[in-house]
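A.B. asks: Dropping a structure here in structure tokens format, bear with me for questions.
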Amino acid sequence: MATAMDWLPWSLLLFSLMCETSAFYVPGVAPINFHQNDPVEIKAVKLTSSRTQLPYEYYSLPFCQPSKITYKAENLGEVLRGDRIVNTPFQVLMNSEKKCEVLCSQSNKPVTLTVEQSRLVAERITEDYYVHLIADNLPVATRLELYSNRDSDDKKKEKDVQFEHGYRLGFTDVNKIYLHNHLSFILYYHREDMEEDQEHTYRVVRFEVIPQSIRLEDLKADEKSSCTLPEGTNSSPQEIDPTKENQLYFTYSVHWEESDIKWASRWDTYLTMSDVQIHWFSIINSVVVVFFLSGILSMIIIRTLRKDIANYNKEDDIEDTMEESGWKLVHGDVFRPPQYPMILSSLLGSGIQLFCMILIVIFVAMLGMLSPSSRGALMTTACFLFMFMGVFGGFSAGRLYRTLKGHRWKKGAFCTATLYPGVVFGICFVLNCFIWGKHSSGAVPFPTMVALLCMWFGISLPLVYLGYYFGFRKQPYDNPVRTNQIPRQIPEQRWYMNRFVGILMAGILPFGAMFIELFFIFSAIWENQFYYLFGFLFLVFIILVVSCSQISIVMVYFQLCAEDYRWWWRNFLVSGGSAFYVLVYAIFYFVNKLDIVEFIPSLLYFGYTALMVLSFWLLTGTIGFYAAYMFVRKIYAAVKID
């Protein structure tokens with residue numbers, strides 16, 4: 001068994017690997033070279049809000065539309081994310097300035113919003129919706145300049161520039177609602193080095209926007225769709241009254257700036273984290289947890305187990321040794337098959353399926369092969385990998401089921417292929433019905449749902465059956481001791497051996513090893529933030545695997561010392577105890593970080609959180625179970641049994 005020092009070289013290797021790969025970026029698309037005055041298309045992605053968790057497509061609001069609306073063909077991940085990428089009427093030319101242009105205005109007439117349209121726009125503004133646009137596949141960002149005091153005299157301040165994804169649809173002030181009806185686009189380009197006789201080409205490397213609200217009376221528009229912006233602050237914002245019709249102009253301006261940023265580094269603006277030190281603190285905290293558990297394991301194995309096994313193997317004092325060491329007393333029952341072996345093996349098979357999928361996704365993303373420029377690639381890859389990993393889940397479930405004296409392999413394979421995926425599909429279908437009712441773009445379209453079902457029954461199910469068949473035919477795990485025909489009576493257990501107490505005790509340390517990273521993951525999921533520190537995430541995942549394995553071994557050792565041989569289900573449940581703390585943290589995050597008050601957004605949050613907790617429990621429970629199973633087989637194989 002590995003000690004704390006055994007993990008040191010591996011930790012150093014992973015640290016170096018993470019440092020080398022955290023900034024590594026493999027583009028998902030080829031660069032586009034623009035010439036002077038080439039059109040740069042501005043597309044809309046969706047509207048999002050952390051208060052409602054319901055995305056909407058861009059033209060669900062009365063924005064100006066082009067003569068022909070064209071939606072981009074999307075992959076599975078984009079559809080599941082609620083993206084609906086569509087063209088817009090913004091006319092942007094490479095390196096060509098525009099001071100002010102009016103959208104969808106005919107003969108110098110403003111746009112009139114009906115009462116229903118005004119009510120809808122006002123509702124979206126009060127719900128704090130953001131608009132997401134892209135130019136050359138780069139998402140638009142709003143620059144935020146934050147000032148922090150460096151000295152106690154408050155004279156020196158440091159400017160911290162951060163970027164907010166998308167731009168706010170509008171704002172409220174003293175019970176009045178205002179719409180951002182003017183967009184100042186700032187696009188940065190990098191001039192490519194060319195031969196002397198060749199024309200210069202440009203590449204877009206950043207896309208910013210400054211949203212403004214300008215009242216109709218303060219904008220001067222002419223018949224050529226040009227307009228004049230008010231100077232300085234001599235203007236009032238455009239109010240939206242939800243109880244009546246509103247007239248306004250939709251306008252925009254374009255400004256170009258040359259940048260030293262190269263095309264390969266253009267995503268750094270969105271992916272660079274200002275709180276990397278917090279991630280390092282998380283890693284150090286996690287390593288300390290692993291070393292602490294390694295120390296406990298070393299003490300158990302070196303001092304206790306080695307001494308117990310040596311004493312037990314002495315032929316002249318077997319009876320006395322058995323009386324003083326509880327874990328050896330249950331050698332005839334420790335491998336007795338548990339209740340419901342089919343369900344246990346099915347859940348563990350799904351856990352193996354999840355483990356393989358997550359490990360590959362994080363590793364591939366860490367290498368930069370799932371770049372954010374390939375929209376939806378991460379989710380698409382995860383879905384397909386989970387289906388194809390069914391062969392490994394089926395194989396492990398089939399072999400374990402046979403080890404537990406199971407005989408109905410076809411039923412077991414069906415249970416493995418449908419139990420966990422069926423629960424996930426059922427919850428998602430119910431939540432999707434509510435999303436459909438809100439006419440959100442986050443609702444999975446019916447054809448996509450049919451396609452997912454076809455992939456489930458056409459790919460995942462056959463692969464699970466195939467793996468289960470070969471796993472069931474393979475030689476079962478060789479248990480080192482025989483099982484007695486008559487079960488041994490289990491003595492009364494102390495209060496701290498209670499299953500729920502065990503879950504609380506076993507879950508706290510693995511959760512402590514990853515809770516800081518969990519905060520950033522929650523921010524990415526629920527607050528529409530980018531997360532691309534997969535180097536950190538990969539290292540945290542490895543530490544989570546090690547800590548779950550270690551705590552599982554410790555818990556099963558103390559259970560066997562208490563002469564309780566019913567460790568199969570208990571260890572699976574206890575090893576997934578960190579999922580309980582994930583649930584507690586999710587509730588804390590909902591109460592303290594999110595401003596969700598309506599029923600359907602709350603239902604969506606806790607519905608998806610339930611899926612996350614269930615999946616995390618399967619993952620950590622499976623890791624801990626197999627670590628404990630290997631440990632139990634190892635220690636009983638070292639004991640001589642007559």
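Cβ coordinates come from backbone N, Cα and C, glycine included.
Here the structure is a predicted model, which means the values were calculated and not measured.
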A.B. asks: Is Asn37 annotated in Swiss-Prot on the same side of the membrane as Trp495?
C.D. replies: no
A.B. asks: Which residue from Tyr147, Tyr312 is recorded in Swiss-Prot as phosphotyrosine?
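C.D. replies: Comparing Tyr147, Tyr312 with the record, Swiss-Prot tags Tyr312 as phosphotyrosine.
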A.B. asks: Pull the DSSP breakdown for the topological domain 'Extracellular' (438-449) and write it out as helix, strand, coil residue counts.
C.D. replies: 4 helix, 0 strand, 8 coil
A.B. asks: Which stretch from 347-367, 417-437, 450-470, 571-591, 599-619 shares the most C-beta pairs under 8 Å with the transmembrane segment (536-556)?
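C.D. replies: Going through each listed stretch, the top one turns out to be 571-591.
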A.B. asks: What is the pLDDT of the topological domain 'Extracellular' (368-376) when averaged and given as a whole number?
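C.D. replies: Mean pLDDT across the topological domain 'Extracellular' (368-376) comes out at 81.
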A.B. asks: For the topological domain 'Extracellular' (368-376), how many residues does DSSP put in helix, in strand and in coil?
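C.D. replies: Summed by class, the stretch gives 0 helix, 0 strand, 9 coil.
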A.B. asks: List the helix, strand and coil residue totals of the topological domain 'Cytoplasmic' (471-501) as derived from DSSP.
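C.D. replies: Counting residues per DSSP class in the topological domain 'Cytoplasmic' (471-501), I get 9 helix, 0 strand, 22 coil.
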